Amino acid sequence: NVWCAAGKGTFGTNELLRRVATSRLAEIVDHRTLVVPQLGAVGVAAHDVAKGCGFRVVYGPVRASDLPAFLTAGMVATPVMRRVSFTAGERLILTPVELTGFGLKPLGIALALLLIGGLGPEIFSLSAAWSRGGTAILTGFAGLMAGAVLTPVCLPWIPGRAFALKGGLAGLAVAAASAAHYATELGHLNSLALCLALSAVSSYCAMNFTGSSTFTSPSGVEKEMRRFIPLQIIALLAAGIVWIVAAFQG
């Protein structure tokens, strides 16, 4: 989105000047006004644009759907046009972006889990690979859903400010419910591994959603990553160790 692009520097003053020049806009239109998205304002310096190409910058409404009314009103925005919303429905629409962003990585991870799941006292077992590895894959999928779907939808109601913390709590809730339901089949060690792994995966996936939100900053995201990624790695490593130990203890 334009907010992220402006924050990362891919949409800004220099890019705007370059586009105006390459499109030869001054030769195509009679006016000298550029309507720029409001959420792109962080990357656009209006005085530099005017100096560089002679066009005056006007910051338009947040939503493109409000542009006709904005132009009809003489490029005057109402308070509603300036207000940024981030409803549950709008957050839900963004979740496919987070899910597709992982690409084929989950397939490689799933294959690795199947192979590791087969390890045990008998060296390697296909039945164990299917049962234990399959359970691990389902755990990872549940963590993905908890962090990339459940957390964004329930964002305002999950305690904490950091998205990674919110995702970790959502994942822990799902893991605890699953471990309690399948306590007899899993046992104590596998239940512990489930809680650690699911919480870590959910925390990581939720942390990725910061780029889709309307109120996070690049510096805040960097701080959150430095704080939580080491914890996520430790939790995953601990989960893996406990999971493997559980296989050898029967």
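Keep in mind that glycine also has a Cβ here, set from the backbone N, Cα and C atoms.
Per TrEMBL, the feature transmembrane segment maps to 107-130 (among others).
For the transmembrane segment (136-158), same-chain residues at least 6 beyond its ends with a Cβ under 8 Å from one of its own Cβ atoms are 88, 91-92, 94-95, 98-99, 102, 106, 109-110, 113-114, 116-117, 166-167, 169-171, 173-175, 178, 194, 197-209, 212, 243. According to TrEMBL, the feature transmembrane segment maps to 136-158 (among others).
The feature transmembrane segment is assigned by TrEMBL to 163-183 (among others).
Residues annotated as transmembrane segment in TrEMBL: 189-207 (among others). Long-range contacts of the transmembrane segment (189-207) within its own chain (CB-CB distance under 8 A, at least 6 residues past either end) are made by residues 98, 135-136, 139-140, 142-144, 146-148, 150-152, 162-168, 170-172, 174-176, 178-179, 182-183, 224-225, 228-229, 231-233, 235-236, 238-240, 242-243, 245-246, 249.
Within its own chain, the transmembrane segment (228-248) has Cβ neighbours under 8 Å at 116-117, 119-121, 128, 132, 136, 162, 164-165, 168, 187, 189-190, 192-194, 196-197, 199-201, 203-204, 207, counting only residues six or more beyond its boundaries. The annotation transmembrane segment is assigned in TrEMBL to 228-248 (among others).
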Worksheet, complete the sentence: Contact set of the transmembrane segment (107-130) with the rest of its chain, CB cutoff 8 A exclusive, min separation 6+ beyond the ends, reads 136-137, 140, 240, 243-244, 247-248, 250
